[in-house]
Amino acid sequence: MQAEILLTLKLQQKLFADPRRISLLKHIALSGSISQGAKDAGISYKSAWDAINEMNQLSEHILVERATGGKGGGGAVLTRYGQRLIQLYDLLAQIQQKAFDVLSDDDALPLNSLLAAISRFSLQTSARNQWFGTITARDHDDVQQHVDVLLADGKTRLKVAITAQSGARLGLDEGKEVLILLKAPWVGITQDEAVAQNADNQLPGIISHIERGAEQCEVLMALPDGQTLCATVPVNEATSLQQGQNVTAYFNADSVIIATLC
């Protein structure tokens with residue numbers, strides 16, 4: 001759904017940038033002239049000059065400087081800061097539109113989570129399995145550490161291995177919201193619980209679909225919370241697997257990748 005979302009930026013409780021002013025800056029950049037830029041933007045020269053003057057006064061850096069020449073007289077040039085403001089404004093406008101699109105595209109997405117929202121409309125990875133969770137515990141060994149993650153369903157817990165350096169850099173302390181990434185080839189599927197118990201993590205579920213290839217099989221598994229887990233296993237390990245079976249997915253702590261907002 002394409003919505004008209006008008007972005008307004010204020011500094012010191014005064015208007016700094018809006019669609020009209022950004023349009024003016026873009027036309028000045030193209031024409032090299034305040035008067036021509038104002039004409040192309042559909043506003044008067046006085047209004048254009050007043051807007052530029054106010055933006056220059058509010059900002060820590062000058063946005064528009066006088067220059068010789070320019071189409072239509074009144075030569076002007078955008079500073080690097082002015083150019084970056086346009087880029088930032090356009091980027092924020094895109095983010096707003098993508099955030100609004102989430103309302104119609106994904107009804108299940110929690111909108112009270114900044115990490116969930118950002119990852120939904122800006123983060124794309126090759127990992128088929130992605131879950132949101134919260135750090136509940138972390139040991140502090142010297143080199144390799146382990147964190148416990150409670151997933152968004154409030155029941156499922158996973159153990160994840162990290163380096164001590166990564167734990168400190170990402171601030172992976174208790175209460176930190178994280179995104180769990182798990183690639184399909186790193187997941188095993190079995191009906192034998194004893195086999196699954198040898199791994200750090202086990203997730204029970206029901207096989208919902210199997211795509212059999214020449215060398216690999218893609219197994220989709222419905223988890224108790226309604227989410228789908230994807231695993232790719234060698235053909236010889238999938239001969240006994242059938243749709244509708246109760247199985248256990250298993251994987252080790254060092255197969256999991258953690259992403260978060262710092």
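Note: Cβ is positioned from N, Cα and C throughout, glycine not excepted.
Checked against Swiss-Prot, the range among 125-133, 134-142, 152-160, 242-250 recorded as region 'Required for dimer formation and molybdate binding' is 125-133.
Around K183 (molybdate binding site), a 10 Å sphere centred on its CB holds 18 further CB atoms from the protein chains shown. Using a 10 Å radius centred on the Cβ of R128 (molybdate binding site) and all shown protein chains, the other Cβ atoms total 18. DSSP places the residues of the domain 'Mop 1' (124-191) in helix, strand and coil in these numbers: 10 helix, 34 strand, 24 coil. Sequence-distant contacts of A184 (molybdate binding site), defined as residues of its own chain at least six apart whose C-beta falls under 8 angstroms from its C-beta, comprise A127, R128, N129, E218, C230, A231, T232.
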